[in-house]
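Participant: Pulled the feature table from TrEMBL, pasting it below:
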- 1-20: signal peptide (SIGNAL)
- 61-95: region 'Disordered' (REGION)
- 65-82: compositional bias 'Low complexity' (COMPBIAS)
- 219-237: transmembrane segment (TRANSMEM)
- 249-270: transmembrane segment (TRANSMEM)
- 290-314: transmembrane segment (TRANSMEM)
- 326-346: transmembrane segment (TRANSMEM)
- 352-371: transmembrane segment (TRANSMEM)
- 486-508: transmembrane segment (TRANSMEM)
- 520-539: transmembrane segment (TRANSMEM)
- 551-569: transmembrane segment (TRANSMEM)
- 581-599: transmembrane segment (TRANSMEM)
């Protein structure tokens, strides 16, 4: 019956329909003697003909038939003649409205799905016709989709979920490496300080330095909205080619940073005990070491702020290598000064603070010099009072992120306070400091990928025409596929980093000469290593939330996670000691992971149902 239908189609002249139907039949059925099948031989003959000649012959047959009709049908005949000419010329390249021939049926109407057999068709002999005149290769089909503007869906389907080192992975790695290098500096500076303070052999000195360092970091990162907003504003003006606008964005950020430092430095310098009371109880033995460290470190607020704005400015103009070089130089400077000031000059913990201050000052001077050299700042703009209109985007944009920053800092301050209160000898605090440094050094890679997600995701969400590939790129479905790849990278790297930290635990424990500190740090270090698996998903997922502009949802998610962590800090440490503190971190990160899942699967702009709704309404 099938053979009869195909032969009838051939006789009637609907050869393209016959080819399409025949290919579908041949791809799903395998006769015992396929080579001798008359239908198969007919399709082979037609398949080897030139498509242009075939359509011309068919058009001529129609014209001859129409010419033989009565004179009353002359108008119809003329119309069909012109239509035939259009089809003949279309066979040389593109058909109606620029649609390639391979996607058109014989009448030049809308594309017919059954003309294209499945790629994995059973009859491979028919698909591998030597000249590919009927269907063309798989690459030709993809290019056809691109020509009619459907490459958004195709490109999203071709992106694999797991890392495969394709072009996307290469681009992500190229962007990520400098960012990882720059983000690694702060934990490395802290690790260098901790290493040399540990060499003093005094657990209280380590506890005091860790407490003061946490206070400074929390006070400083209360203003962490500044780099994100600055980089965004600089990037926008730089992309426009607006030199004056770029300078204004950088100078305004430096202006805001200056006034923030003028508030932060006096508060810590004149009220060190009040500031330290957030993490140390009154009369705590570690206060003796924490106070002088914080007094000296408070002067680093202004140079640190300038360095932060400088880093953001270079990131905004897509220069990720210069900040790495500056940070590396400052870190080397700090590493050289630490042993000299702590031991050679017998300054102890204050020597570590002075070395860090020196490194921050050097970094700020280099940043300001290079910003001036690249004409990203002008001295007259630095001393000019900016208008509210120019400051409004910077300040309003920062407020959206401040709730999250406050929640994060509240969490880490509470963790430090509970840790300091576990025992008065400083062993628990010193062990926690060692574990947290291990945790941060591994997590810096994941944090850098979070920053990369903030940049590449919003770029991928924009559908645009790529001049190089001559096709549309980007779009919501492509961005979703990219997010899936980033999340896979987060999981893989989290597993790798966690495993590496577990293997390095014997070497890490040697950072402290005190056996009781080594023993106390063992369980937290193990928990921290396992947590890296969750961190990989959490950090990148939250970077995606920033990239999509979901600031409020991110803040609310962090508030809920902070509430869970505070509950854990109240319940778990009395039962499990320092291990209970780190179990509270587990609660904290699992709740953040739940927020990431809700954003990507339910209510975020890249959730599948929201993408489908937007596609249906557009």
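Backbone N, Cα and C atoms are what each Cβ position is placed from, and that goes for glycine too.
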Participant: Who are the chain neighbours of the transmembrane segment (551-569) in space, where the CB to CB distance is under 8 Å and they lie at least 6 residues beyond its ends?
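Facilitator: Contacts with the transmembrane segment (551-569): 400-401, 403-404, 407-408, 410-411, 414-415, 418, 542, 545, 580-581, 583-589, 591-592, 594-596, 598-599, 603-604.
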Participant: Can you name the far-off residues of the same chain, 6+ from the ends of the transmembrane segment (520-539), with a Cβ under 8 Å from a Cβ of it?
Facilitator: 427-428, 430-432, 434-436, 438-439, 442-443, 446-447, 449-450, 487, 489-495, 497-499, 501-502, 505, 508-509, 512, 578-579, 581-583, 585-586, 589-590, 592-593, 596
Participant: Residues sitting near the transmembrane segment (290-314): Cβ under 8 Å, six or more positions beyond its termini, same chain?
Facilitator: 182, 207-209, 211-213, 215-216, 219-220, 223, 226-228, 230-231, 234, 249-250, 253-254, 257-258, 260-262, 264-265, 268-269, 272-273, 275-276, 280, 320, 322-323, 326, 349-350, 352-354, 356-357, 360-361, 363-365, 367-368, 370-371, 376
Participant: If I count Cβ-Cβ pairs under 8 A between the transmembrane segment (326-346) and each of 249-270, 352-371, 581-599, which range comes out on top?
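Facilitator: Of the candidates 249-270, 352-371, 581-599, 352-371 scores highest.
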Participant: Six or more residues out from either end of the transmembrane segment (581-599), which same-chain residues have a Cβ under 8 Å from its Cβ atoms?
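Facilitator: Answer is 411, 415, 418-419, 422, 432, 435, 523-524, 527-528, 531, 534-535, 537-538, 541-542, 544-545, 548, 550, 553-554, 556-558, 560-562, 564-565, 567-569, 572-573, 607.
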